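Features of the protein shown, as given by Swiss-Prot:
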- Cys166-Cys215: disulfide bond (DISULFID)
- Cys266-Cys293: disulfide bond (DISULFID)
- Cys421-Cys470: disulfide bond (DISULFID)
- Cys523-Cys549: disulfide bond (DISULFID)
- Cys581-Cys611: disulfide bond (DISULFID)
- Cys836-Cys866: disulfide bond (DISULFID)
- Cys871-Cys920: disulfide bond (DISULFID)
- Cys900-Cys937: disulfide bond (DISULFID)
- Cys943-Cys986: disulfide bond (DISULFID)
- Cys1066-Cys1115: disulfide bond (DISULFID)
- Cys1166-Cys1193: disulfide bond (DISULFID)
- Cys1286-Cys1316: disulfide bond (DISULFID)
- 102-163: domain 'Sushi 2' (DOMAIN)
- 295-355: domain 'Sushi 5' (DOMAIN)
- 356-418: domain 'Sushi 6' (DOMAIN)
- 419-489: domain 'Sushi 7' (DOMAIN)
- 806-868: domain 'Sushi 13' (DOMAIN)
- 1064-1134: domain 'Sushi 17' (DOMAIN)
- 1136-1195: domain 'Sushi 18' (DOMAIN)
- 1394-1454: domain 'Sushi 22' (DOMAIN)
Amino acid sequence: MGASSPRSPEPVGPPAPGLPFCCGGSLLAVVVLLALPVAWGQCNAPEWLPFARPTNLTDEFEFPIGTYLNYECRPGYSGRPFSIICLKNSVWTGAKDRCRRKSCRNPPDPVNGMVHVIKGIQFGSQIKYSCTKGYRLIGSSSATCIISGDTVIWDNETPICDRIPCGLPPTITNGDFISTNRENFHYGSVVTYRCNPGSGGRKVFELVGEPSIYCTSNDDQVGIWSGPAPQCIIPNKCTPPNVENGILVSDNRSLFSLNEVVEFRCQPGFVMKGPRRVKCQALNKWEPELPSCSRVCQPPPDVLHAERTQRDKDNFSPGQEVFYSCEPGYDLRGAASMRCTPQGDWSPAAPTCEVKSCDDFMGQLLNGRVLFPVNLQLGAKVDFVCDEGFQLKGSSASYCVLAGMESLWNSSVPVCEQIFCPSPPVIPNGRHTGKPLEVFPFGKTVNYTCDPHPDRGTSFDLIGESTIRCTSDPQGNGVWSSPAPRCGILGHCQAPDHFLFAKLKTQTNASDFPIGTSLKYECRPEYYGRPFSITCLDNLVWSSPKDVCKRKSCKTPPDPVNGMVHVITDIQVGSRINYSCTTGHRLIGHSSAECILSGNAAHWSTKPPICQRIPCGLPPTIANGDFISTNRENFHYGSVVTYRCNPGSGGRKVFELVGEPSIYCTSNDDQVGIWSGPAPQCIIPNKCTPPNVENGILVSDNRSLFSLNEVVEFRCQPGFVMKGPRRVKCQALNKWEPELPSCSRVCQPPPDVLHAERTQRDKDNFSPGQEVFYSCEPGYDLRGAASMRCTPQGDWSPAAPTCEVKSCDDFMGQLLNGRVLFPVNLQLGAKVDFVCDEGFQLKGSSASYCVLAGMESLWNSSVPVCEQIFCPSPPVIPNGRHTGKPLEVFPFGKAVNYTCDPHPDRGTSFDLIGESTIRCTSDPQGNGVWSSPAPRCGILGHCQAPDHFLFAKLKTQTNASDFPIGTSLKYECRPEYYGRPFSITCLDNLVWSSPKDVCKRKSCKTPPDPVNGMVHVITDIQVGSRINYSCTTGHRLIGHSSAECILSGNTAHWSTKPPICQRIPCGLPPTIANGDFISTNRENFHYGSVVTYRCNLGSRGRKVFELVGEPSIYCTSNDDQVGIWSGPAPQCIIPNKCTPPNVENGILVSDNRSLFSLNEVVEFRCQPGFVMKGPRRVKCQALNKWEPELPSCSRVCQPPPEILHGEHTPSHQDNFSPGQEVFYSCEPGYDLRGAASLHCTPQGDWSPEAPRCAVKSCDDFLGQLPHGRVLFPLNLQLGAKVSFVCDEGFRLKGSSVSHCVLVGMRSLWNNSVPVCEHIFCPNPPAILNGRHTGTPSGDIPYGKEISYTCDPHPDRGMTFNLIGESTIRCTSDPHGNGVWSSPAPRCELSVRAGHCKTPEQFPFASPTIPINDFEFPVGTSLNYECRPGYFGKMFSISCLENLVWSSVEDNCRRKSCGPPPEPFNGMVHINTDTQFGSTVNYSCNEGFRLIGSPSTTCLVSGNNVTWDKKAPICEIISCEPPPTISNGDFYSNNRTSFHNGTVVTYQCHTGPDGEQLFELVGERSIYCTSKDDQVGVWSSPPPRCISTNKCTAPEVENAIRVPGNRSFFSLTEIIRFRCQPGFVMVGSHTVQCQTNGRWGPKLPHCSRVCQPPPEILHGEHTLSHQDNFSPGQEVFYSCEPSYDLRGAASLHCTPQGDWSPEAPRCTVKSCDDFLGQLPHGRVLLPLNLQLGAKVSFVCDEGFRLKGRSASHCVLAGMKALWNSSVPVCEQIFCPNPPAILNGRHTGTPFGDIPYGKEISYACDTHPDRGMTFNLIGESSIRCTSDPQGNGVWSSPAPRCELSVPAACPHPPKIQNGHYIGGHVSLYLPGMTISYICDPGYLLVGKGFIFCTDQGIWSQLDHYCKEVNCSFPLFMNGISKELEMKKVYHYGDYVTLKCEDGYTLEGSPWSQCQADDRWDPPLAKCTSRTHDALIVGTLSGTIFFILLIIFLSWIILKHRKGNNAHENPKEVAIHLHSQGGSSVHPRTLQTNEENSRVLP
C-alpha cells in the first residue's frame, strides 16, 4: 500500500540547521514519524476493504502512527480516492461510506411476469424473475449486477414468460369437444365435450364422466389436461367389463344391453373372489361389484420345533388358515395362525419357536442401569452398569440358568457405590481450589493456579491442564482426569512421565529438556509396535504417544462345555479370566487363568477346566414305601425322585405319605450333590413316630408309634441345658407341637481381653445362644469378632478378639524435591517428617501425626510442597551494576557478580566495597535471601552508616552518614536479647566488622505436654514466639489454647498457664421402652463408651419384641467439647407394629395411639406458621418403619434482606419455604462479599448472613519499575490509577499508567509495568571543517556533553570561526527520545563582515513585520508576537556577534483548554496534556457504550482555545429479554430491563406437590454482557428443562443419526452415528442417554480428511511422509537458511478437510529499511532489500566520499544486516590558483578555493613602461575534481607574453639636465632612459622614462630644479663680522668664526650640496663653561654615529655585491657631467630577454 506520512498538524520543532524552512519541516516530520512507533505504538495492517483497494501494495504488517494509506474504489464502486490514517490510539480512521456500490439500471418486468429485487440493484446484488400463473419462464431465472468495463450491468438478459401450451384434447367415440380455438391450447383453456346427435337431432348417446376438462400444469413447465375425457354411450347399454387376470366367458361384444348378464372365470393359477356373474345396469354400471382373480397359495412354511395343521394339503385358497404349535420346551413367538392372501401369499409372517426364557428381570440398580440382552432365553445375560461416578460392587451380570425344572436368574442386583478420588496432588509454586479435608466425588473439578512471587521477581506459568476432574480408571477406582499441572518457568519441559508400555532407548538423568528435544522410546516386551519419539512442544508439554505400542493379546479363550468364560477386562498380557460352570455342573481344574508372556508370545497360564455334572448319592429309602425314578442307578443335579407308600392287600391305602412327595438332587457348594430335603414318611394315619432330641432323654415310654394327642416329656443329659418346651404333643400328619426342644452345653464365663470391656461381667454361667459383646478403649481397634456366642457344645464362638493400638494407613504421599522420613511403626502418635532438598522450602506442615479423629486414626496433615527457593532481584547499586538480567529468575545457588561503572568522562573512578559476588541462599524460614548485602561503589576511605540491628542498639546515637576507616561504634543488646556490649569497626575494605552471635534472643522454659494432650511449638520458644495446645481425641481443652513467650522485666515467661485435657463426658444413654442397655459402667460415660441395647424377653424367655435400629451407640463429640451419643437408641416393638410417628411442629390428625398395626395409615398437619415438606400420609411398615419418609414442618421465612448495589432471585415472593434458596448477585463493578446464596432454615431464618456488595478492587499492584517509581493511589477500587515515572535519563517504554478496569466480570489492571529505558542520543552531527569530542563507537548516554572545535588550516592560510554553541549535551524531547540540547554549531570562514542568515520559523510566534531579507548584519533585532493558540509578551531576537540569533525559549506558551469534562460512567485519557493542539480520548466503563466522538482536540476558537467536540455519553448496554425455555422460567429482580451484568437464574417447573418433573440441563444462570462494547448479548444459551431421565436428540454436523426421527430418548437408550460420505468420525460411534439429559461419552464429530499440506519453495514441513491427516493435526513449516518464513509457521487440518491458515512462503531474508541520511549526498536504494541488496552512496557535486561507497545486505548469524554505515561527504577544495608572470588572477589570498569557483586571469598593463602583454590560454579556470575526488583546476593557468610593437624615437631632452647612456639606434618597448640634472640642479619627479608598446615614450613628468641652501637668520655666538647671505647656490662655501667666550663646535667651513643641505653641517658657537661636558658628550656621540655609518656602509656594499651577482645581464651606462663633479650613477636597464619582472 502506498504509505505516506502527513504533515503534522502541530509543529514539533524547528527544522535542522542549515536547511531552508520548507525542507527542514519535512525532514523533521519524517524523523518524528520514524520515532513514533517506539514512543506511541503502531497500527497493525488494516482490514481488507471489500469496496476499496490500496493504490500501492506492501508486505508491511505494522505501520507507525501518523501513516497515511491511500485507497481507490474497486471496480463496481464509485467515489473519490481517500486515505486512512493510523491514529495515536493505534486504530485506523474509518473508511465507511467512502465508496458506494454502483447501480445497474432498473430491471424491467418481463411481460406476464415480474422481477423480484431482493436487496437492491447495486453491484453484487441479485434479482429473481418469475412468471404469472400459467406462464413458463424461458431464459435465466436470475441476474446479478456485475462489472463490465467501467460500469455495471446485469449478467443475464430479461427472460420471456411464455404461456404454457397443452397438446390436443383427447378424442372420444361418438362425440367431440367444443372450444373457441381448436388448434392452440394454453394454460386455462377449457374444452367441453358433447355426444353426437342422431338423425333429426335426437339424443342417441349419453355423456358419462366430466363434460369439461381444462389445460393445467403440475410443474409450471409442461401443460396437461385436468382429467380423462368423458364417454358417449348408448343409453341403457354397458361397455364390456374388465377383470384383471379374468376371462369373460360370455361373448365379448362391444356393448351389452340393460339387464344382460355376463360370466367370468379366472386364468389358470388364480382363484376368484366375488360373484362369477354380473348384470348390466343403467349408466354403464355392472352389479354386483366385479369379482377379482387372485393367485392360489402354496403350502405354508415349516417352522423349526413346531407342528402345523393341514399338512396333507398342497393348495390353499385365499382366506384359508393354518395353525402352528411348538414342541415342549419352546415358546411360540408370533401369530399362531396364518391366512392365504388373494395375492397368493401367507399373512402374517410365520411364527418361530424359541427356547423358553426367564421372566423379565425386575431388579432395579440404584445409581446404575440394567442392560438387557437381546432375548431372555436360557444362557441370556443381564449386565449391570453403574452410572458415571459409581463403581460396581457385586456381580457384573446375571445369567438365565436352569434351576431344577425352572429357568431362573442366577444372581441378584449388585450395588453401585459412589466413586471418590484421593485428595488432588499438591504442586510446587502453586495451589488448587480443593479444601484440606474435602471429599472429592466423581465429577468434582479442581482448578490449579500458580503462586505469584513478586518478592522473587519470578512469575510462574501453569504448564498442563489447569482443571482436573475426578474420574475413574477401568477398575472403577477414583482417579484424576489428568496429571496435575506444574508451575514452571517457560522454556523447558519436565522429565516425561513413565510409560507402562514403552521405555527409553537411552537412559538419561536430565530433569528438564529444552523445547524441541526429542526422546526415543521402544515398546516394552509385553507390547508390540514400532519405536517412536516424543517431543517437547512449544506449550511445554510432551507430544502424545497414543496408540504407538499395543499390548500383546492371548487367543480368545473358548467356553468350556456346560460352562462359560468371564473376560474381566480384556485378553491382553497381564489380564485375568475366570471360568464358571452352568448351574448343576462342578468345575474340575483351575477356575482362572492369566495371560502371561513366554518369550515374545502371549498365552494362558492354565488349560481350560472341565464342567462335570454334579452327582448325588442314592436317594434315602423309607419304611413302607419306595421312590419312582426313570433311572435308579445314576442321579445328577436336577434328578427328581417321587415317593409313594406301599399299598395294602387289595391295593387299599394303608399308609399316609407325610412330607414332600418329591425331592431333587441339588448342591449347596456347587461341588457336592445333596438331596433337596428329607424323604417323606409312610405312616399309619393319626400316628406319630418317636421324637428325637439330641443330647435329650425321652422320659415317657420309648415306643415305635404314638397315638394322636399323646404327650411325651424330655430332659437333657447331664452338662446340657434345655432350650424350648419339655413336653410336646402328637398331632396329625406325624407332627409334634410345640417345636421340639434342644439340649445344649452350658458355657463358662468368656475370656477377658486386654484394653477391652465386655458385657455381662456379673454372670458365671451362660446358656447356649447367649452373647457377650466386646469394646476397646479409645485409641484401640478391635481385631476379631465384636461378640461371642455360647455354642450348644459349651464353647464360645468365634475366638476372643484383641485390642490393638490404632494405626494409620500407610502414608502414601510422595514429596517432590524432598524426602519423607517414616517412623518405625504407624500406631497412634507416629510421626512422618518431611524434609526438602537443598534449594527448596517447605510449604505446609513439616510433619504429619497419626491422631485419633472420632473413632478413626488418621494422618493429621497431608503432604506439603517443596517449593524452589527464589531470591528477589539483586539490589541495584548506584554507580555500579550486576550480572543479573532485568527479568531473570534467581533460584537457590545462583550467583551474581557486581562491578562498578567506569566514569572516565566524569574523571571519577569508583571502587567496589564489599563482596563482589553474592549467592542466592535461604534464611531459617526458608525464604530466599542473598548470602551477603550488596556491595557498594564508593570512593575509598569511608564506610557508610551501618545497617540497623534487630538485636542491638547504639549506645550513643549519631546522625553521621559516613565514617572514616578505623571508626568504632559501641552497641548494647536490646531488652529481648542477652549478651555483652560489643563494637563494630570500619575496616580497610570499607565494610563494618561482623557482630555475629553477640546477642542471643531470650527463651522461655520448654513447655510441658498437658496430660492427654500435646504442645505444638510453631517456630521456637524464644521471646515473641507462640505455642499452641491441643488435646488427644476424646478430651476437651480447659484453659487457653495458646501461649506467647513474653518479656516481663528482664525475664521471659509464657503468657498463660498450660491448659487441662479433660475426658469428654456424655450423659446417661437414652432409655427405651421394653428394653435396656448393657454396659460395663452404668453411671459414668465418657468419649468412646459403648452401650448395647436388647429387648426384654417374654415369659419363659420367649422373644416378644423386635429390636429396631442400631443395637449399639457410642459416646462421641461434634465440637471436641460436649459429649453426645452417636445416634438415637433403638426401639423394642411388637413385631408388625409401629410406635406413633413424631413430626416436630406437626399434629397427628389420626388417633394418637401407643401402637399402630401393619399397613395402618396416619395423617399429619403442621402447626400454624409452619409449612409441610413431604407427604401428609404415611403407612406403618415392618420393623417399625413408616413409609414414605416422615414429613417435616418448618417455619415460613420472610423475604430475605435487600443489599445495596445488589439483588436476589427470586425477588417477587412474599413467603419462602424451608430449604428454598435465594441467590444474590451484585451490579457490575461490585464484588459479592459473603455467601452467594441463602437458604430458608426450618426455624424460619435465613442462613448464612446476607452478603454485601463491595466495589470491585484490583489485586495489589506488585510490579516494580527499575530506574523509576510506581505512584500508588489511595485505594485499589475500580478506576484507581497507578502511575509510572522514570528517573531522569530514562524514558518510559509502555503505558504511563495502569487503570483498575472491569473486564468481563473481573477487575484487572489494564496495563502491565512498563520499562524505563536508558536514553541515548545518536552520534553527534559531524560538521564541515570541524570536529567534536564524541567517540565513533555508538550511542551517547543521557547527560553526556560533547564539545566542538573548528579545524586549523595554517597550510591553506584559512581560519574558521565556530558559529553556534560550542558544547551540546545529550538530553531528551517530550517523547523521551534522546536529542541534543541544541543544533550542532558550524565552522564558517572568517570574514571581516558579519551577517546572520534568515532566522528559523517558530511554530509558536510570527514576526510583527514580514521578513523578506536573507541576511542581517550583527546587531539587527527582529520583533515577534505569539501566534493564536499561544500566549506571552512580544519579544525580539538579535543577531549576535557569533552570527547566531539570540535564544527564544519559553517566550510563548500554549494556551490550555482546561480539564475536559469526564463522561458519567466513563473516563478521560489525557495522552500528553490539555493544551492547544493536544488530543484526549474517551472511553466508557465496562458495561457501557460510547455515544458520540471518542476523542476531542484542543483547537483555536476566536482569541481562545476550546475543545472541538462535546464529551460523549456512556450509555449502559442492555440486552434483549432473556430467552424463554420450555417447562421452566427465569427469575430476576426486574423482568423488563436487562442491563449489562444483570444475572437471570432459570429453574424448571415442579409438580403440584413440589416434586421434580424436569431436569435443568446447562448453566443455571446467564448474565448480560457484550462482545463489542456496543450490543448486549447473553453470556451463553439458556439451560433446558427436560423430562427426568430423558435426553434431547443430539446433533452431529455431517453425521446421520440412527434412529433419526425422534426428539427425545429414554435413559440408557443408545443411538448410533455414522458420518456422511467423505467424512471421518472422531470419537465414539455410539452414545448413551445419561442422567441430567447428557449423552455419554462425548458426542463425536465428523471431519473431512485432509490431503498432504502444500509444499513451499525453499521450505519444508514436518510429517512429510504422511498421506492423510486427521482434523486437528498440525504440521510445522521451516525455511532454508537465508530465507524468512512469511505467514503462519504451522497449519492445522480443519474439520472441513482444509488446511488453515494459508500456507506460508519462504522469502529471501531482507534487511531493515536503510534509514541513514547522507548530508550533501544521496542514498541510492535498491528495488528490494533482500540479501545481497546494495545501497549506494553518491555525494553531491562538489563533495567527495569519505568512507565506503556502498553497504551490502549480508547474513550475520541468522539475521540480515547492512555491513557498513553511512559515509561522509566532504566539500572539495582546490589549492591556490598558480601565479603567472606579468599577470594576475581574481582568487583571494585566504586559502583554499571551493569546488565550482571560477578564477579569471588578466595580464598586467604597463602604460608607463610602454609594454603590452597578451594572455595565452584559458582566461578562466574552474575548481573541479579528479577521479579520486581531489580538487584540481579545470585547465592549466594561462601565460602573459609581450607584444612587439614599433620602436620609440630618440628620448626627449630636459632643461638643465640630460639622459645618460649612449645613443642607440633602436629604442624598443620596455627600454628605460634615465635622466640626471646639471650640477646645481636637483631632479624632481621620476628620473626615467620607458618606451611603451605603442612605440612612444612614457610621459616625461620630471624636471631639474636649481639647488639653494638656506642660512639661519640668527646664530648664537657667531661673529658679527661675518657677512652672510640668505641663499647660497650649489657648490657655495661658507666659513664660520665665533666671538670671544664662545667655542666653535663643528667644522669652520661648509659647502652647499645638491640636495639643498650643507656638508658638513653648519657649526655652532657654545659657551665655554660647558665645554668639557659638551666635548665629552659630543665625542661619544660622534664615535657612535661613525660606527653605525661604517657598519651600514659595509652592509650596503655587501648587498650591492649580491645584487650585482643576481643581475649579471644588467647594463650600466655612466654619463659623467661636464664639470667633473661626482654624481650618483644612473643605470639604463633593458628587457630584451624578458628575464626580470618589472616593479
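Every residue number used here counts from 1 along the chain in the order it is shown.
In case you wondered, yes, glycine gets a Cβ from its N, Cα and C as well.
Since the structure is predicted, the reported quantities are computational estimates derived from the model, not experimental observations.
Taken through DSSP, the domain 'Sushi 18' (1136-1195) splits into 3 helix, 29 strand, 28 coil. Across the domain 'Sushi 7' (419-489), the DSSP tally of helix, strand and coil residues reads 0 helix, 30 strand, 41 coil. Taking DSSP states H, G and I as helix and E and B as strand, the domain 'Sushi 2' (102-163) has 0 helix, 32 strand, 30 coil. It is 57 Å from the Cα atom of Cys1066 (disulfide bond) to that of Cys920 (disulfide bond). Counting residue by residue with DSSP, the domain 'Sushi 6' (356-418) contains 0 helix, 31 strand, 32 coil. On a Cα basis, Cys523 (disulfide bond) lies 71 Å away from Cys1166 (disulfide bond). Spacing of Cys293 (disulfide bond) relative to Cys523 (disulfide bond) is 76 Å (Cα to Cα, whole number).
Counting only the Cα atoms, the space from Cys900 (disulfide bond) to Cys581 (disulfide bond) is about 90 angstrom. Confidence over the domain 'Sushi 2' (102-163), given as mean pLDDT on the 0 to 100 scale, stands at 90. Among the disulfide-bonded residues Cys470, Cys581, Cys871, Cys986, the residue whose Cα lies closest in space to that of Cys1286 (disulfide bond) is Cys871. Here the C-alpha separation of Cys866 (disulfide bond) and Cys986 (disulfide bond) works out to 41 Å.
The Cα of Cys836 (disulfide bond) lies closest to that of Cys470, out of the disulfide-bonded residues Cys266, Cys470, Cys1115. All protein chains shown were included, and the count of other CB atoms within 10 Å of the CB of Cys421 (disulfide bond) stands at 23.
The shortest Cα-Cα distance between Cys611 (disulfide bond) and any of the disulfide-bonded residues Cys166, Cys549, Cys937, Cys1193, Cys1316 is the one to Cys549. Here the Cα atom of Cys523 (disulfide bond) is found 79 Å from that of Cys166 (disulfide bond). Between Cys937 (disulfide bond) and Cys920 (disulfide bond), the C-alpha separation comes to 21 Å. Of Cys166, Cys266, Cys470, Cys943, Cys1115, all annotated as disulfide-bonded residues, the residue with the shortest Cα distance to Cys871 (disulfide bond) is Cys943. Ranking the disulfide-bonded residues Cys581, Cys986, Cys1193, Cys1316 by Cα distance from Cys549 (disulfide bond) puts Cys581 first. Counting residues of the domain 'Sushi 22' (1394-1454) by DSSP class, helix then strand then coil, yields 0 helix, 25 strand, 36 coil. The closest partner of Cys943 (disulfide bond) among the disulfide-bonded residues, by CA position, is Cys1316; the full candidate set was Cys581, Cys1193, Cys1316. Every protein chain shown contributes to the tally, and the Cβ of Cys900 (disulfide bond) ends up with 20 other Cβ atoms within 10 Å.
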